[in-house]
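Colleague: Handing you a structure now.
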Amino acid sequence: MAGFSDHWTFAFGVLGNIISFFVFLSPLPTFYNIYKKKSTEGYQSIPYVVALFSAMLWIYYAFLKTNTTLLVTINTFGCFIETLYVGFYLFYAPKKARVQTIKLLLLLVVGGFGAIILITQFLFKGAIRAQIVGWICLVFSLCVFVAPLCIVRQVIKTKSVEYMPFLLSVFLTLSAVMWFFYGLLLKDFNIAIPNVLGFIFGILQMILYVMYNKKEEVVIKEQNLPELKDHVIIIEDDKKKLPELSEEQIINIIKLGSLVYSEKNCGNLTDVAKYDKVVSKLQTVEA
């Protein structure tokens, strides 16, 4: 029975790795938009810094436990890709956002992670050390799942899903399910508990996406409807035909348009005189 449970644990761990791989890659469209706009306006670095810190903590926790190789593999990749995201954000962020991000990095990644390692290494030993680090991992994993709430708030406020990638919500939900069963079968509730909240928030984000994405589609359709009041409708009447213009008269009309523009922008007196001559020629057109 234990062997059967181990196989399922490994299976959920592998699936968790695969789906989490796509979770880490899902913000790529967001950063592509930042690259196109050359600006981070409307985007925040907090989720990526917190995710980086959380991945570092899980690696530390995995080294303190046994049978947690699958935690090491995915969180190592997570550290790498989140570091790239934060660096990319810093490159395109304005000065104020860049300073705030650097402060957050120093606070969490340098100060926070360094303090956790020093305290747990010198004050705790053995299983207690792993338990303390596990509790810390649990708290910050909850923070990772709570961090997108700032994006959820922005979606509700702006009634736009532009800054909430749908793929990220889908993969976070699936990932939460896999890691929940992995932690449950491993009997490690530090892994299982945060993913319950992750599943709830993932479902919430997908519901919001469906709601506000439909509203955006309706607005776009309304904007694309033609406004007849702004259009000029020309009705041809066979009984009343407009006079035909000669080639010379058409050329004079073109000259008149350029001279009117010139008079308006430059105020050239010579052009005004030419304008009067052209007008006199156009008066020869039959009514």
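In case you wondered, yes, glycine gets a Cβ from its N, Cα and C as well.
As annotated in TrEMBL:
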{"type": "TRANSMEM", "residues": "12-34", "note": "transmembrane segment"}
{"type": "TRANSMEM", "residues": "46-64", "note": "transmembrane segment"}
{"type": "TRANSMEM", "residues": "70-92", "note": "transmembrane segment"}
{"type": "TRANSMEM", "residues": "104-124", "note": "transmembrane segment"}
{"type": "TRANSMEM", "residues": "130-151", "note": "transmembrane segment"}
{"type": "TRANSMEM", "residues": "163-185", "note": "transmembrane segment"}
{"type": "TRANSMEM", "residues": "191-212", "note": "transmembrane segment"}
Colleague: Looking only at the recorded stretches 12-34, 104-124, 163-185, 191-212, which one has the largest tally of CB-CB distances under 8 Å to the transmembrane segment (130-151)?
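Modeller: Answer is 191-212, with the largest number of Cβ pairs below 8 Å.
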Colleague: Give residue numbers and ranges for long-range contacts of the transmembrane segment (104-124): same chain, 6 or more residues beyond its ends, CB-CB under 8 A.
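Modeller: Contacts with the transmembrane segment (104-124): 45-46, 49-50, 52-53, 56-57, 60, 86, 132-133, 136.
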Colleague: Where, among 12-34, 70-92, 163-185, do we find the most CB pairs under 8 A to the transmembrane segment (191-212)?
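Modeller: Answer, by Cβ pair count: 163-185.
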Colleague: Any residues 6+ beyond the ends of the transmembrane segment (70-92) with a Cβ under 8 Å from its own?
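Modeller: The answer is 10, 13-14, 16-17, 20-21, 24-25, 27, 31, 34-35, 38-40, 43, 45, 48-49, 51-52, 55-56, 58-59, 61-63, 98, 101-102, 105, 182, 191.
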Colleague: When you scan the chain for residues with a C-beta under 8 Å from the transmembrane segment (163-185), skipping those not six or more beyond its ends, what do you find?
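Modeller: Residues 5, 8-9, 12-13, 15-16, 19-20, 22-23, 26-27, 29-30, 42-43, 70, 145, 148, 151-152, 154-155, 191-193, 195-196, 198-199, 201-203, 205-206, 208-209, 213.
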